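Taken from TrEMBL, the feature ATP binding site covers Gly120, Ala121, Thr122, Gly123, Thr124, Gly125, Lys126, Ser127. The domain 'FtsK' feature in TrEMBL is assigned to 103-293.
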Amino acid sequence: LGNFGIDVEMGEVSIGPTVTQYTMRPAVGVKLSKITTLNSDLSLALAAHPIRIEAPIPGKSLVGIEVPNKKVAIIGLKNMFEEEEFAKSKYFLPLALGRDVSGGCVFAGLDKMPHLLIAGATGTGKSVAINAILLSMLYRHSPDILKLILIDPKRVELSLYNEIPHLITPVITDNKKVLGALRWAVTEMERRYESLQKHGSRDVFSYNAKMSGAGEPLMPFIVIIIDELADLMASHGRDVEAAIVRLAQMSRAVGIHLIVSTQRPSVEVITGLIKANITSRVALQVASQIDSRTILDMAGAEKLLGRGDMLFLSGDTSKPRRLQGPLVSEKEVKDVVKFWRTQAERAEISEGSGLNIDFESKSSSSTNYDGGGSDEDDLYEEAKNVVIEAGKASASLLQRRLRVGYARAARILDILEDKGIIGPGDGAKPREVYVRPEGVAITESEEPLLQ
């Protein structure tokens, strides 16, 4: 920096598992932009690529320059679990995310987030991060208080967990079943809100405290993990997005949490609605600055080193923290699954949990922004009476009388046509009604039409 005429006072040096952070205090009158624009020149001078400049370090009047270590230290998950901070965690669902640039363990609470988005290029450590998160929860909670729905379109990443008793349903690998699982989760969320309202509780913690005192069964936490969102958005984009957004907006108080992962961080996959409702994010190495901005709303992830090197942005901070995620081997996962399999048999637990997913369930009203509706719509009988009394049928008529959106009104018209109540559409003209109100006789000219 002295070669470029920038006067700084060197501070402490923090040696982390992946990078070494050199801190410095710029002299009075030195602009931070002067230091940040020298990124490439510093990389050349230090013979290290890529370096990352953090200006300023949050909470300090210092600038940090992170230089990659020649050898990356491997972080074991066991060592993190042995930390006192994890054993006496203030979080109910603590997640072991990794170690920061100074080597300190970083834990986050899924119950406080309350949802998490993980994104990064192929082979940067997303699946390992998900394994670490899963083992963190399995290490702390029994199947009575923690339930899981694992969605794995890739079929090989989460299938190892198929035998743990925490699963509400076996690992879902079929995209057709994913929508049914998400709709079930929305219905379960609404049912839980009704239970909370009935017992005068604000959230799942106060509800469980009351139930525990009365000797009643507790309300388990449900964590839904989606390993590859891009594949689901390609096949069922609008419906999947609507269900995820609905859950992300409302499910925190009733103990339902989402962890969503993708290897294609584009705006088609991580839409604006999903980003707005999932504020806690983990960005692993990505190919370009554009991808980094898609995940974090800022640059930085394109300068990561891969293999678990990540930026963690929590909802209560404006700047991300750089972490090195723990390494989880396949053997460790199998050992945990084997332990839980010997503790309890899934059949007994799923019978006692009262949670069963009906994958064939049709779209519920909760997953649609335009007023909802399903193949057997709740407003079918009312709509039938409206068109019979009016003697004509149109979407605008149902919109006015039933106060629903256009999409739901059009869907109800299709159901009425299938049931033989109204005729087919004829351009902009109202549809003909085949059924007459009670007491109105059918004329001879209309009889052949009805037949």
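Counting starts with 1 at the first residue shown.
Heads up, the Cβ atoms here are built off N, Cα and C, so glycines get one too.
The shown structure was predicted, so the numbers you read here are calculated from the model rather than taken from an experiment.
Overlay of TrEMBL annotations on the structure.
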| residue | record | Cβ contacts under 8 Å, 6 or more apart |
| --- | --- | --- |
| Gly120 | ATP binding site | Lys126, Gln263, Pro265, Val282, Ala283, Leu284, Gln285, Val286, Ala301, Met310 |
| Ala121 | ATP binding site | Gln263, Leu284, Gln285, Val286, Ala287, Asp291, Gly306 |
| Thr122 | ATP binding site | Gln263 |
| Gly123 | ATP binding site | Gly306 |
| Thr124 | ATP binding site | Leu284, Gln285, Val286, Leu304, Gly306, Arg307, Gly308, Asp309 |
| Gly125 | ATP binding site | Leu284, Gly306, Arg307, Gly308, Asp309, Met310, Gly325 |
| Ser127 | ATP binding site | Glu157, Asp227, Ser261 |
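Along the domain 'FtsK' (103-293), the predicted structure has mean pLDDT 92. Cβ contacts within 10 Å of Lys126 (ATP binding site), excluding its own Cβ and spanning all protein chains shown: 24.
Excluding Gly120, Ala121, Thr122, Gly123, Thr124, Gly125, Lys126, Ser127, which define the ATP site, the same chain contributes Gln263, Leu284, Gln285, Gly306 within 8 Å (Cβ to the Cβ centroid), listed in sequence order. DSSP gives Gly123 (ATP binding site) a coil state; it is part of no helix or strand.
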